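Here is what Swiss-Prot says about this protein:
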type: BINDING; residues: Asn27; note: heparin binding site
type: MOD_RES; residues: Tyr73; note: phosphotyrosine
type: CROSSLNK; residues: Lys86; note: SUMO1 cross-link
type: SITE; residues: Lys119; note: site 'Important for interaction with integrin'
type: REGION; residues: 119-135; note: region 'Heparin-binding'
type: SITE; residues: Arg120; note: site 'Important for interaction with integrin'
type: SITE; residues: Lys125; note: site 'Important for interaction with integrin'
Amino acid sequence: PALPEDGGSGAFPPGHFKDPKRLYCKNGGFFLRIHPDGRVDGVREKSDPHIKLQLQAEERGVVSIKGVCANRYLAMKEDGRLLASKCVTDECFFFERLESNNYNTYRSRKYSSWYVALKRTGQYKLGSKTGPGQKAI
């Protein structure tokens with residue numbers, strides 16, 4: 001799960017943006033980072049400019065996640081890799097859900113059993129290796 005900086009989430013109206021935030025993974029203590037070259041990973045430094053993310057509601061409970069500095073969108077590919085796309089595609093939409101532990105989970109809309117996750121090393125976890133209730137995010 002990722003803990004948004006505003007302390008929580010709920011569905012917000014389609015077409016609206018949330019204030020830029022950082023998504024934190026309790027497992028390993030990493031913030032999700034989107035690089036300008038399209039790489040995605042985790043970093044512990046709160047001051048890293050590439051952890052500032054803009055979430056936009058596409059429909060109720062569905063968001064796109066854009067790296068503010070990278071100007072790229074988080075995407076999950078058909079092989080489960082996470083990367084950052086210059087354009088919004090159907091692989092850039094995620095179901096956002098506030099879990100009982102007050103962390104948000106982000107599940108791919110296109111590959112509906114796969115979640116955004118970081119390993120304890122800060123590398124992203126393949127979507128095919130994720131599931132609900134996972135410790136990695």
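Cβ atoms are placed via backbone N, Cα and C, with glycine included.
Packing against the region 'Heparin-binding' (119-135) from elsewhere in the chain are residues 27-28, 30, 40-44, 76, 79-82, 105, 108, 111, 113: each is 6 or more residues past its ends and has a CB under 8 Å from a CB in it. Proximity to Lys125 (site 'Important for interaction with integrin'), judged by a C-alpha distance within 10 Å, picks out Lys119 from the recorded positions Asn27, Tyr73, Lys86, Lys119.
Taking the C-alpha positions, the distance from the residue listed as 'phosphotyrosine' to Lys86 (SUMO1 cross-link) comes to 6 Å. Here Asn27 (heparin binding site) is positioned 28 angstrom away from Lys86 (SUMO1 cross-link), judged by their C-alpha atoms. In this structure the C-alpha atoms belonging to the residue listed as 'heparin binding site' and Arg120 (site 'Important for interaction with integrin') are separated by 6 Å. Mapped onto DSSP helix, strand and coil, the region 'Heparin-binding' (119-135) counts 3 helix, 2 strand, 12 coil. Across the region 'Heparin-binding' (119-135), the model assigns an average pLDDT of 88.
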